[in-house]
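As structure tokens, the structure follows; a few thoughts come after it.
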Amino acid sequence: MNTSTAISFVAALVLCCLALSANALQIEPRSSWGAVSARSPSRISGAVDYVIIHHSDNPNGCSTSEQCKRMIKNIQSDHKGRRNFSDIGYNFIVAGDGKVYEGRGFGLQGSHSPNYNRKSIGIVFIGNFERSAPSAQMLQNAKDLIELAKQRGYLKDNYTLFGHRQTKATSCPGDALYNEIKTWPHWRQN
């Protein structure tokens, strides 16, 4: 086997593994955490340009499905009540129980980053990530979710990744998580 063929083979193998990884991602539906129906969901047509990463700023995060579902339900209650959003603000929630939960989901406008809501997918990590980064599993789940969004046509191949602090004056998604996402291939300085 010549060098060119070997490189092509390795590249194909890597792409195959990435595709399998994203296809293996299980997204827990809204019904799994007892979501209340959205008041007036707004559809987004076509692929969006941005992924915005957040943290929920819960000091202890969650590690069991019961804890995570309760926290997600509380976030939705806060967003619909105190903040008067039509639904939970995020499109997806990455939780410490090793799962990804559907917030608003794909193809719906979030309420997580003013000026970017109509052109982004908002992903929140449950926990406070000022001093320590999320687990390797949480980080991989977010990467797999982003890959899945691209594969399904909800996210452009040349998307830009931002931390919430790049779209609004806030410390979100925490220094440790922000420093982590700055190493991801689509992160850009704005």
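We number each residue from 1, going along the chain as drawn.
Quick reminder: no glycine exception, Cβ is built from N, Cα and C everywhere.
Here the Cβ of C172 (Zn(2+) binding site) has 25 other Cβ atoms within 10 Å, regardless of which shown protein chain they belong to. Taken residue by residue with DSSP, C172 (Zn(2+) binding site) is part of neither helix nor strand, so it is coil. Among the features that Swiss-Prot reports, Zn(2+) binding site is placed at H54, H164, C172, with the record citing similarity to another entry.
Taken from Swiss-Prot, the feature domain 'N-acetylmuramoyl-L-alanine amidase' applies to 47-174, supported by sequence analysis. Mean pLDDT across the domain 'N-acetylmuramoyl-L-alanine amidase' (47-174) comes to 97 in this model.
Annotated N-linked glycosylation site per Swiss-Prot: N2 (among others), in sequence order.
Secondary structure from DSSP puts N84 (N-linked glycosylation site) in coil. Non-local contacts of N84 (N-linked glycosylation site) by the CB criterion (under 8 A, 6+ apart in sequence, same chain) are absent. What Swiss-Prot lists as N-linked glycosylation site is N84 (among others), and the listing cites sequence analysis.
Secondary structure at N158 (N-linked glycosylation site), as computed by DSSP, is strand. Its Cβ placed at the centre, N158 (N-linked glycosylation site) has 9 other Cβ atoms within 10 Å. Taken from Swiss-Prot, the feature N-linked glycosylation site applies to N158 (among others).
Annotated signal peptide per Swiss-Prot: 1-24, in sequence order, evidence recorded as sequence analysis.
Sequence annotations record features per position, and here Swiss-Prot assigns site 'Important for catalytic activity' to Y90 based on similarity to another entry. Non-local neighbourhood of Y90 (site 'Important for catalytic activity'): H54, I75, G103, R104, G110, H112, G122, I123, V124, each in the same chain, at least six residues away, with C-beta under 8 Å from its C-beta.
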CB-centroid shell, 8 A cutoff, Zn(2+) site H54, H164, C172, site residues removed: I52, I53, H55, H112, S113, V124, G163, R165, K168, T170, P173
Pairwise CA distance, C172 (Zn(2+) binding site) versus N158 (N-linked glycosylation site), rounded so that it is a whole Å: 24
Densest Cβ neighbourhood among H54, H164 (binding-site residues), 10 Å radius: H54
Integer Cα-Cα distance in angstrom, H164 (Zn(2+) binding site) to N158 (N-linked glycosylation site): 19
